[in-house]
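Enquirer: From Swiss-Prot, here are the annotated features:
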BINDING   Gly13, Gly14, Gly15, His16, Ala17, Gly18  FAD binding site
BINDING   273-287  NAD(+) binding site
Amino acid sequence: MHSSATFDVIVVGGGHAGTEAAAAAARLGARVALVSFDPTLIGTMSCNPAIGGLGKGHLMREVDALDGWMARAADAAAIHYRMLNASKGAAVQGPRIQADRKLYRAAIQTLLAAEEGITVVAGEAAALRLSNGGRIAGLDLADGTALTARAVVLATGTFLGGRLFRGEERMEGGRIGEAGSHRLAGQLRAAHLPMARLKTGTPPRLDGRTIDWARLQEQPSDGGRWTCSTWNNARTVPQIFCAITRTNAESHRIIAENLHRSPLFTGAIGAAGPRYCPSIEDKIHRFADRDGHQVFLEPEGLDTHLVYPNGISTSLPADVQLAMLRTIEGLEAVEMVVPGYAVEYDHIDPRALDRTLQVRAMPGVWCAGQINGTTGYEEAAAQGLVAGANAALAVQGREPLILDRSESYIGVMVDDLVLQGVTEPYRMLTARAEYRLRLRADNAATRLTPKGIALGLVRPATAALFARRMAERARAGALLEAPVATADYGAIGLPLPGDGIARRRIDLLRFPGATVERLTILVPEIESIDRAILSEVVEDAHYAPYIARHEAELRALAANEAILLDPALDYAAIGGLSREMVERLSKARPETLGQAARIDGVTPAALTAIMVHSRRRAA
């Protein structure tokens with residue numbers, strides 16, 4: 001690397017947020033520098049070797065719909081597919097895969113190498129370079145290299161001020177064996193940005209050759225044909241099984257007797273951890289009445305013996321970890337390869353960001369991933385795409401990419417973060433989306449790809465695939481929307497309703513016992529339609545009556561969303577607002593009345609006062 005170089009966008013960090021940010025900016029035509037401590041580790045899965053899940057699978061598919069990399073890499077590395085909530089409606093089903101760590105990292109690095117607009121820079125990000133006017137001008141590396149750019153995306157993960165804990169051990173770093181980013185953390189704190197600490201953890205890694213698999217409950221890969229990426233229709237990697245075991249009373253006794261050695265209970269770690277992924281010591285403490293907790297044994301790859309025991313994240317001392325492990329069925333003789341640990345790191349209060357994920361007080365700086373207070377690969381990837389795209393669009397003087405919560409889970413997450421902030425690592429859940437009936441994982445491309453194409457965020461090759469997909473979708477719709485004749489009921493074994501209601505072919509699928517397979521008797525052409533596309537059309541029809549009930553609510557909300565609020569609005573000058581309301585609104589700085597309505601604690605009366613005040617000023 002030369003002593004200086006000029007780019008449009010600099011991305012700091014080569015994890016899930018950083019790679020998607022760099023890729024999005026490059027797809028929009030920006031010259032991108034991707035700065036990483038160690039480029040050989042770009043795309044590493046730091047914790048669990050899995051992509052997707054409940055809510056998270058929706059984010060994965062939405063990133064894919066906008067031509068991101070995560071789902072493609074997941075398919076290239078998937079050694080175990082599983083559709084979570086498969087027995088429930090499609091709106092809350094979550095596609096999830098178990099990945100071969102090496103294959104996933106290799107897939108990301110292959111995609112990176114093929115992207116001409118990205119230059120990978122090895123080094124430590126030491127300080128943001130600011131112009132005299134306080135706007136971003138680039139980045140200084142620890143070795144003295146100066147990178148010039150008008151936009152920087154910080155995707156620092158757990159490395160920003162990272163510190164590791166295991167029992168009495170304390171280590172500086174963002175991941176075991178890797179240094180943290182402390183100079184950059186110091187600069188951000190010195191800039192008086194609102195910052196705090198959060199915590200996450202990881203379980204020990206086990207030697208699969210020392211596990212008695214024969215005694216455990218197997219969990220096979222799904223036999224279906226679904227894939228992570230809409231643009232991929234084949235599974236190419238050999239499939240393996242995972243296994244399930246449980247902790248027990250003896251496991252809990254060992255943990256309880258050693259809580260005084262856990263940094264979570266000694267006060268060494270004061271930061272909040274992820275609510276939906278607690279450590280095993282936290283589980284034992286909070287749920288003392290439980291006689292056991294499930295542990296999912298997940299192989300980390302096809303050519304490794306390492307196994308990830310999902311469900312027992314811990315920062316207990318290594319000797320306690322091993323003793324606890326050997327009380328679990330199937331693990332009585334297990335060998336621990338790497339002990340678990342916890343990591344505490346800096347994050348920025350996401351309420352300091354606007355909806356593009358730009359730092360309001362530091363124009364030209366965008367943030368994505370754990371620096372914004374989230375947890376999870378999928379949450380990070382989605383933010384990376386938004387931040388990277390908006391950084392490039394800003395440099396080009398174009399309108400930003402804003403995804404609404406009514407059209408995407410990405411929009412839900414960004415809205416939640418910039419309005420509500422976080423007190424613990426934020427994880428996406430389907431329950432967070434009030435429009436979840438329409439935001440299914442299977443229709444992400446139909447919802448979002450047109451927007452990506454319009455922006456230039458979707459490559460021509462993917463746009464061509466989308467056009468073919470939509471043509472196929474239209475053909476499926478035409479076949480299924482055709483009217484049903486009286487004789488058709490008997491032809492597929494259904495009783496004649498006798499209610500005189502005119503029905504379409506697709507309506508027959510609401511009858512008990514009716515299936516798409518039986519419908520092919522009436523419509524043989526259905527056999528030639530891609531099953532994923534056909535399923536999406538059928539689910540659209542199933543959900544249509546329920547979605548229709550929400551339309552009035554959506555129109556009412558849209559009316560509120562349309563009322564823009566002045567970014568410099570003096571809430572203290574609005575009559576009828578309590579001091580508490582003024583403080584909440586001044587901190588969150590909502591951009592629309594609809595956003596103001598979702599700020600925790602803001603009352604309908606306060607919204608009315610703001611609306612009246614805004615309309616008076618606009619008159």
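Cβ coordinates come from backbone N, Cα and C, glycine included.
Keep in mind that this is a model prediction, so the values were computed, not measured.
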Enquirer: Let me check the 10 A CB neighbour count of Gly13 (FAD binding site). How many other CB atoms are there?
Expert: 31
Enquirer: Counting Cβ atoms within 10 Å of each candidate's own Cβ, which of the binding-site residues His16, Arg275, Lys283, His285 comes out highest?
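Expert: Buried the deepest by this measure is His16.
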Enquirer: I'm trying to understand the geometry here, so how far is the Cα atom of Cys277 (NAD(+) binding site) from the Cα atom of Gly18 (FAD binding site), in Å to the nearest whole number?
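Expert: Checking the Cα atoms of Cys277 (NAD(+) binding site) and Gly18 (FAD binding site) gives a distance of 23 Å.
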Enquirer: Pick the one among the binding-site residues Gly14, Ala17, Gly18, Ser279, Phe287 whose Cβ has the fewest other Cβ atoms within 10 Å in this structure.
Expert: Phe287
Enquirer: Could you measure between Gly13 (FAD binding site) and Arg275 (NAD(+) binding site) for me? Cα positions, answer in whole angstrom.
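Expert: Each residue's Cα considered, Gly13 (FAD binding site) and Arg275 (NAD(+) binding site) end up 25 Å apart.
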Enquirer: Could you list the residues of the same chain, at least six apart in sequence, whose Cβ is under 8 A from the Cβ of Gly273 (NAD(+) binding site)?
Expert: Leu198, Lys199, Thr200, Gly201, Leu264, Ser279, Asp282, Ala342, Glu424, Pro425
Enquirer: Cβ within 8 Å of the FAD site centroid (Gly13, Gly14, Gly15, His16, Ala17, Gly18 excluded): which residues?
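Expert: Checked against the 8 Å cutoff, the neighbours are Val11, Thr19, Glu20, Ala21, Ile42, Ala155, Gly157, Ala368, Gly369, Ala380, Gly384.
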Enquirer: Please work out the number of neighbouring Cβ atoms within 10 Å of the Cβ of Glu281 (NAD(+) binding site), leaving out its own Cβ.
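Expert: For Glu281 (NAD(+) binding site), the 10 Å Cβ neighbour count is 26.
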Enquirer: Which binding-site residues are spatial neighbours of Gly15 (FAD binding site) here, meaning Cα within 10 Å, out of Arg275, Glu281, Lys283, His285, Phe287?
Expert: none
Enquirer: Could you tell me which three-state DSSP class Gly273 (NAD(+) binding site) falls into?
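Expert: Its secondary structure by DSSP: coil.
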